[in-house]
Amino acid sequence: MDYSEIMVRHGELSTKGKNRMRFINKLKNNIQDVLAPFPAITVRSDRDRTHVSLNGTDYQPIVEALKLVFGVQALSPVYKLEKSVPLLVTAVQDIMTSLYRDGLTFKIATKRSDHAFELDSRELNSLLGGAVFEVLPNIQAQMKHPDVTLKVEIRDEAAYISYEEIKGAGGLPVGTSGKGMLMLSGGIDSPVAGYLALKRGLDIEVVHFASPPYTSPGALAKAQDLTRRLTRFGGNIQFIEVPFTEIQEEIKNKAPEAYLMTLTRRFMMRITDAIREQRKGLVIVNGESLGQVASQTLESMQAINAVTSTPIIRPVVTMDKLEIIEMAQAIDTFDISIQPFEDCCTIFAPDRPKTNPKLGNAEKYEERFDIDGLVQRAVSGIIVTEITPEIVNDEVENLIDALL
């Protein structure tokens, strides 16, 4: 027998009361986005489950994709069949025969939500267990901690049989907690911050600052590849490329070296906030970790934050670098993040950046700039690209190969 579908069990959605179906429908849409590379797949949801019909597709890559989607508590490959006792008997016998090995223990666990079905749960357990003994007389039943628990569900529309429960990613479906702008540089920390924001249901749009010719096409492709990795957790993500060359040249030419980083990040924050307002976001997300670099001291954060009253979420703020690296490796962004392309945060980095910049000094130096004009030109020049989970050639690897 081949699996018919993957049955998805919802996570925290069970606590959402009147909003439950909104959360479930969002999860369904996210699953459809993530499984877009598999055109034969169909997805439907009810209050208790989401059903991913395989329609002949190999189940293993579908399971691997679904394991990453936020809002999924657990999933099981299942056999779907008509609610017929003879069909159930045959299916149970075939499944257990395929799983059998010497010393294997099992139990039948039946749940009947269709109370019009001819047998109740106790009767089905007895009948189906007896059917297994008919074809496997040496198998042993074990009610506590068996090797195989064969789950049989009798629902209104069909019967379902499964024996494997796979842990999902948990969290909330992406998009159920509003929209935020993720400041993604291309380093290790910001993709991890994006992952953690996605886990709590935030629909992120990625803001990436590009400063050609100082930053290369490889840096841009790297940021887009990182964004594509994040789409595995909840579907398509809008990637917003911001032209930043003019601003960086202005800062380099007119500001003291010690304040280059502070002023650069204040401009980045202003621009991200303007894009957030334009695109109806609620928060800004970044990958700052307290004390990790000069721009991430409390004094620096205060001086940079002063340009906006928008809430700023820093998911990795209390994490050690090693913890962030381990999480980056776990979500498969680390190898991309360490590829050798400079981003706009590093191209004009001073040798000794100010670790305790004064807000008054930052504001005084900014009097040398046409702040509104610079921000407006940057925002008007953004390029928005929708990044999907579809499998594409790795642009960054191709660019690295060309350099070698």
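Cβ coordinates come from backbone N, Cα and C, glycine included.
According to Swiss-Prot, the protein has these features:
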BINDING   M183, L184, H208, F209, R265, G287, Q296  ATP binding site
DOMAIN    60-165  domain 'THUMP'
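Locations of recorded Swiss-Prot features on the structure.
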residue : record           : CB count, 10 Å
M183    : ATP binding site : 24
L184    : ATP binding site : 29
H208    : ATP binding site : 27
F209    : ATP binding site : 28
R265    : ATP binding site : 24
G287    : ATP binding site : 25
Q296    : ATP binding site : 20
- Task: Would you identify the secondary structure of G287 (ATP binding site) according to DSSP, in three states?
- Result: coil
- Query: Reduced to three states, what secondary structure does DSSP give H208 (ATP binding site)?
  - Reply: strand
- Task: Restricting attention to the domain 'THUMP' (60-165), give the mean pLDDT.
- Result: 95
- Look up Q296 (ATP binding site) in the DSSP assignment and report helix, strand or coil. helix
